[in-house]
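Taken from TrEMBL, the feature active site, 4-aspartylphosphate intermediate covers B:427. Look at TrEMBL and you will find B:427, B:428, B:429, B:549, B:596, B:619, B:653, B:734, B:735, B:736, B:843, B:849, B:874, B:875 tagged as ATP binding site. Residues or ranges marked as Mg(2+) binding site by TrEMBL: B:427, B:429, B:871, B:875. Residues or ranges marked as domain 'P-type ATPase N-terminal' in TrEMBL: B:41-103. What TrEMBL lists as domain 'P-type ATPase C-terminal' is B:897-1147. For B:83-101, B:107-124, B:303-322, B:358-379, B:925-946, B:961-981, B:1011-1029, B:1049-1072, B:1079-1098, B:1118-1138, the entry in TrEMBL reads transmembrane segment.
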């Protein structure tokens, strides 16, 4: 009965778990380079007032050097990773106007966007709302052995977003014109559907630590290659003590580097196996107190309940 | 003895007694015109201005709960009387404000669906009632119009004062005053089956003055006025005055024909409408049965409160965190989370007013975590219960072919309570027995006749303690069994008497033929039955007040004294003249009927026979009869007493038959006195008449004793045996003597071999001696003492036998019971009674009060579910008082059934109703509720965990519409399927292992630990779902093209996991799979994907964040599928292991049975699992401690 069912379940689960783990071991080969830069990119003299520094008009350029240890097959995805940034805050999530983004005629549909809805003189901001306003504005330029390494920034957003949520004939307007500057400035001559950084940013992240796609490097990187990154450290994560990381990663069929899932499967498989073993041992040592000891027929009579 | 249940009805019977007393103005008539007696009816002139001014209600009747106009508001009001629904309504209103974490339609739509479903159910039920009303309102009746004609009109058009003509076998359309009938005396017969359930005919007669108005012409100038009482619900009283031709005539209930009763044996009647529509007595009587709620539902409410508390706590926790987080957003002029613009914000997020923001957030939290409260729980349970009751109604095994009656669940909300019955209180007559009396034995002049074996005798014979009575008298005769069937040419209902010595006229050769003749004469004359000649077969059948009476008349007929006609003043018999040996017709002039009543316990008639002799013929209970015998009439007293004792032991109902001759003088003086008493206008008229009657019923001469058998219903012993095996305590309340009760107890397995009896009685010599002295106080004191002593003794017997497995049966008589129910003794008695497996209360008075108080005591005293079974009008109180009332729709009419919650045709169906349906329904509802809370907690808490990672801002992890569809679409149908179809073991096994029923009695499946277990399981599931999902997919790319998961992707993945987990959990919990369960479970999961595809393909304006999420984001991501698989496996693992562990090492009873079945071995009685045993002991111990 239940035990029989459980045994089937356990056997099945541990089997699945080990198959998945096998996949992880042999077919899921991913190389990842992570560089945390929010502190190193602040000059040492300014490190006790990082907020003052980031809000000043000083030059924010910063140079980083990344060492490639293993071969990385193209495409290599470039991500920025922010920490302690609540893109999932209710005020933040709601502060956008999908109508406005999609349709040039709904330009004034900005009721959800307060306080970034209209300029001082009452004309609508396109794109309105806190999400757009706080657009990430750090930039990265890569070079390998002094030769520039192109970063492809097209096709980094969801296709459906580009084609259906962000209008081809909607152009930024009055954006970042207010007294309080948020993040990046948009080129007013490029339609929103082509502003892929914005589109990526506007897909709000689920948790306070998140990665977003910056671009793709479409060349293989070899072991011992040295990558020089020239970055503009513009974005203020200092006021909320958020980390900033630059991530280069390859992918496999499973996506990026994912230790957790592998370990989880291993654990669950282990538990299943362990339980199955326990039950078997208990049977052998201490046969059923109730009724017929020949009950161990679960493997003799697999068609039962 | 003889039909104690009948006596209540008998009180109201005035049959034939009218001949000796003219209607007179009683005290009540003085009140006419005053308050409560103000109705005025202008006969035959409903259009008269004065009549129009009174504006009495029409005859239109509506029994519906709603009308077209008030349906919506009233039904809505009914719905929002539930706390949970109010909560959702408030939430729906608030959801229009910016407080709401989701869009308003997404909460309103499910609410509308849920409320709508319930309202549709209400509407359909009401529509059925409406159809019945329409049918009744449109029935046709003939009404007098000008020009001496009667035209047909609809019932609903009838007005007060109308003259109507009602034909044979038609129902009366309103309460009428009988003016005249096809009979020249103005007599008619009515059947009041629909009113009080009595099937016998009642005689009504018009006022003498109106009796001649018997054709159309006579109504031309008929004008009269009636002043009478206002509408009220008393069926058996009526006070009014008839003003006609300048005279006043009193109206009594004798002239009133009530709506819904039927005209019988009379071709037509004329009547005046007095009460119409809702003013009629039957409508005034129609009150809703008290609505009962089941134990589980009450507990469910508590759980809902627990959930509300949880809801408040989680919201509170959330808002505290939210408040502190928000407050930190501005510190010292610096903006922390600048991207939220804390400088320019609304009150909901204002760091400067953080406490207020936190409070408002608390309200948001209440809405967001509202998913903890299962919105569809109530409606699902209602749907399930309706379906369950349909199953009960349709059960072939509870269908009685003889009467063509299926079981009928009159209420649907007690089905699970059927699985938790701890005590059954049962009436005996008609419930355990058929209530069809059979004349089996008699003792005449000290000789016992009748050779049939009763069921009780057979049972006694089995126990080998019984020697049939006949052996004493005729030991030379062949063994009884052989004789049994010899001369039974055909079986006659009500007659099972087999004795060659009396049958076929052989009685003339017996030692005392004259006594035998008198004996049967009494049987043939002393009754109130009405003969009905069947024209085709020339057979005579009898309409009798009670089956006992019918049995007597039939017995007399079979033995040569055929009663064939009754007029108002005569009784005609076909008798065998034993001089000539021919059958001759004899006339007996009926002078007086001294009626049966529960206080008199006897009935007499005074007749004059053809020889001009005055005879008083009397039958009655032995307790009152023996003391009325004259010294010279006591020849056979000793023998008769002995026979009575033996008959009682054989489970028979006995009556003593006696007579006396009256002299003319004596009769005259007595008659004067009697008539005076009868026509007196004092309040104690009845008592006075009784007193006078008592004077003549003396100096009787004993003739003999009758014994009728009330056969046990088919299957009763087996059924009681099963119920007892199931551990249900059975109380039987009967009017029988102790000996009879004990023997019937044995016959129906209530008392079993090896069971010890504890008898509590007041029939001790000491008390009797006191009774003779007549000092009431002393008697009461002594009785109380004696009862107390006996109870304590019984208690000590019980406790000394505690360790052994001896069962006890308690037998207590009515008098002692009255004392035992005394406040001081009640607890003591209850403790004793609870520990006995059966209790027989004998000689209980038929009053409803006694039954109700016993029921109440058992219900409150045990604190457990009590079920009452009964079939008669006197059981109504008991049925309504008990947690569940089961009516037997037997011969006694519909009264009990109308007051019951479940109606069954035979007692034996109780076994299936309880052990199978009760068990299943209990299990289903318990599982269903637990599961409901589980699934909502699982869902609700994933939201909470997500909040913890969204700084408790109130952003839901899921799209609004996912959330609103959760309860309605993705998880509702499987749980309904569980509630309707699930069965742990088959019906056959339920009956085979009655002990399984204890799971319900002890409430094992719905105990707090189990409920909290499910809740914890829900919390655990939500933790596993949230943390595994978020950790698996967050940060890194979710597929080869480097895309990462966003909020929507996480939401969909989590939601997918929830839907899978919750439905798989259901699949694990279900014991009984058919394609329906598979369809619903896997269909729900599939529907989620279909929903996502459909919803996601709507334009982004509609689908918002869900736009193409499944097609574009999830399906191509292997991570999505792997995570789902991982989460499902790991969430099910804990519950699965627990169940496996439990079934293996601490199995519940049904686990054992299931396993046996799957192994194919079903031993007779598997041993009671230890924990159940322990619990049962605990139970007992607890009760003792109280």
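Note that Cβ sites are derived from N, Cα and C of the backbone, with glycine treated the same way.
TrEMBL feature annotations superimposed on the structure.
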{"residue": "B:427", "record": "active site, 4-aspartylphosphate intermediate", "Cβ neighbours (10 Å)": "27"}
{"residue": "B:429", "record": "ATP binding site", "Cβ neighbours (10 Å)": "26"}
{"residue": "B:596", "record": "ATP binding site", "Cβ neighbours (10 Å)": "25"}
{"residue": "B:653", "record": "ATP binding site", "Cβ neighbours (10 Å)": "25"}
{"residue": "B:735", "record": "ATP binding site", "Cβ neighbours (10 Å)": "24"}
{"residue": "B:843", "record": "ATP binding site", "Cβ neighbours (10 Å)": "24"}
{"residue": "B:871", "record": "Mg(2+) binding site", "Cβ neighbours (10 Å)": "31"}
{"residue": "B:874", "record": "ATP binding site", "Cβ neighbours (10 Å)": "23"}
{"residue": "B:875", "record": "Mg(2+) binding site", "Cβ neighbours (10 Å)": "34"}
Integer mean pLDDT for the domain 'P-type ATPase C-terminal' (B:897-1147): 89
Long-range neighbours of the transmembrane segment (B:925-946), counting only residues six or more past its ends (CB under 8 A): 296, 300, 303, 307, 314, 318, 368-374, 377, 380-381, 384-385, 415-416, 956-958, 966-967, 971, 975, 978-979, 982, 1005-1006, 1010-1011, 1014-1015, 1017-1019, 1021-1023, 1025-1027, 1054, 1058, 1061-1062, 1065-1066, 1069
Most Cβ pairs under 8 Å with the transmembrane segment (B:1049-1072), selected from B:83-101, B:107-124, B:358-379, B:1079-1098: B:1079-1098
Nearest recorded site to residue B:875 (Mg(2+) binding site) by CA-CA distance, among binding-site residues B:429, B:653, B:735: B:429
Rounded distance in angstrom between the Cα atoms of residue B:596 (ATP binding site) and residue B:871 (Mg(2+) binding site): 22
Tertiary contacts of the transmembrane segment (B:303-322), as residues 6+ beyond its ends and Cβ separation under 8 Å: 83-84, 87, 357-359, 361-363, 365-366, 368-370, 372-373, 377, 929, 933, 936-937, 944, 947-948, 951-954, 1011
Tertiary contacts of the transmembrane segment (B:1118-1138), as residues 6+ beyond its ends and Cβ separation under 8 Å: 1017, 1020-1021, 1024-1025, 1028-1029, 1032-1033, 1038-1039, 1049, 1052-1053, 1056-1057, 1060-1061, 1064-1065, 1068
Chain residues in Cβ proximity to the transmembrane segment (B:83-101) (below 8 Å; excluding those fewer than six residues from its ends, i.e. six or more beyond): 107-108, 111, 114-115, 301, 304, 308, 346, 348, 360, 363-364, 366-368, 370, 373-375, 377-378, 954-956
Three-state composition of the domain 'P-type ATPase N-terminal' (B:41-103), taking helix and strand from DSSP: 27 helix, 3 strand, 33 coil
Per DSSP, three-state class assigned to residue B:427 (active site, 4-aspartylphosphate intermediate): strand
DSSP-derived class (H/G/I helix, E/B strand, else coil) of residue B:875 (Mg(2+) binding site): helix
From B:427, B:429, B:653, B:735, B:843: recorded positions whose CA lies within 10 A of residue B:871 (Mg(2+) binding site): B:427, B:429
Integer Å distance between the CA atoms belonging to residue B:735 (ATP binding site) and the residue listed as 'active site, 4-aspartylphosphate intermediate': 9
